[in-house]
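Peer 1: Can you read through this structure? Questions will come right after.
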Amino acid sequence: MYKLLGGLKEYLKWQDIVTDNAIFRLHNLFTTVLLLTCSLIITATQYVGNPIHCIVNGLPVRPINTYCWITSTFTMPDAFLRQVGSEVAHPGVANDFGDEDAKKYYTYYQWVCFVLFFQAMLCYTPKWIWDSIEGGLLRTLIMGLNRGLCQDDEKCMKKKALIEYLLRHIKRHNMYALKYWFCETLCLVNIIGQLYLMNHFFDGEFFSYGLRVVAFSEQSQEERVDPMVYVFPRVTKCTFHKYGASGSIQKHDSLCVLPLNIVNEKTYIFLWFWYIILAALLSVLVVYRAVILAVPSVRPILLHARNRMVPKEVTNAICRKTDVGDWWILYMLGRNMDPMIYGEVIADLAKKIETPSSNNP
């Protein structure tokens with residue numbers, strides 16, 4: 001297991017050429033690794049240990065454990081408000097008195113590791129799509145100018161090739177930028193969709209899960225119900241039917257301990273907060289991209305902020321002659337190139353872009 005977890009760090013390696021945004025990487029890399037780690041830990045706990053222990057009189061324990069694991073267990077919701085030790089044996093565990101409608105069934109626990117793995121794949125999908133679309137364009141354009149260690153002749157040759165490319169392909173990068181911003185929007189759609197998925201998976205209990213956990217400590221001892229125990233009960237009931245010696249159907253109640261829910265409750269309270277934070281960050285990012293797209297006047301400001309060595313007059317001149325896609329290419333070049341070389345490229349580009357014939361070398 002340690003080897004498997006150690007292999008996940010490869011996804012978090014620093015990229016020498018950055019083609020995306022930090023929030024984009026939080027979604028695609030960190031969240032993917034987080035979900036895969038949780039899935040591996042829960043899988044190891046579930047299939048290496050014993051995820052359920054049922055107590056029943058007069059029947060072999062192993063078949064009962066298997067039956068209750070693959071079917072479902074239940075609690076009585078009204079029993080969570082009763083006093084443990086005097087009114088009920090455990091939170092949520094009480095006599096059902098034959099009232100099937102009052103039972104709350106738990107069927108999720110055997111699927112948690114698979115759902116987490118599926119969520120990890122969903123989080124990685126936008127990165128896979130973007131890597132396929134990007135195709136190494138920025139790496140090709142930079143040509144090692146991110147390190148600034150090349151000889152003067154080599155540097156001049158690479159700068160000239162880069163400027164010629166930018167002039168030749170001016171106003172042809174809009175789809176490049178729009179496809180990347182689409183992938184960022186896809187991240188937001190994915191996170192919101194996964195919140196709904198988890199809420200459905202936990203029978204409508206996930207949306208308010210984190211808020212109830214926070215409010216739990218502020219409630220009075222007599223009135224509060226631990227939301228983690230309610231959603232992830234440690235002790236539940238299971239009913240097993242079998243034929244007796246005379247052929248009559250016998251009903252056997254068993255008390256089932258679910259040690260795996262100790263891991264599940266901690267996993268999902270962290271995921272609740274992380275997904276809310278990530279959804280907020282992605283929402284701000286999508287609005288920010290919309291402003292860049294709709295308000296051209298902010299582009300030279302951002303381009304100047306990327307490299308303070310480039311005068312505002314130069315960024316204004318460039319942004320007047322280019323589209324949003326060209327601006328995005330220049331902005332990303334500024335994130336990756338040596339600042340001195342980048343300043344020289346922008347200055348030379350601004351001079352040539354003002355010449356009408358420069359667009360058709």
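Cβ atoms are placed via backbone N, Cα and C, with glycine included.
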Peer 1: With respect to the membrane, are PHE240 and PRO300 annotated by Swiss-Prot as being on the same side?
Peer 2: no
Peer 1: Give me the DSSP three-state residue breakdown of the topological domain 'Cytoplasmic' (131-181), ordered helix, strand, coil.
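Peer 2: Tallied per class, the topological domain 'Cytoplasmic' (131-181) gives 35 helix, 0 strand, 16 coil.
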Peer 1: In the topological domain 'Extracellular' (50-109), how many residues does DSSP assign to helix, to strand and to coil?
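Peer 2: Looking at the topological domain 'Extracellular' (50-109) with DSSP, the answer is 19 helix, 13 strand, 28 coil.
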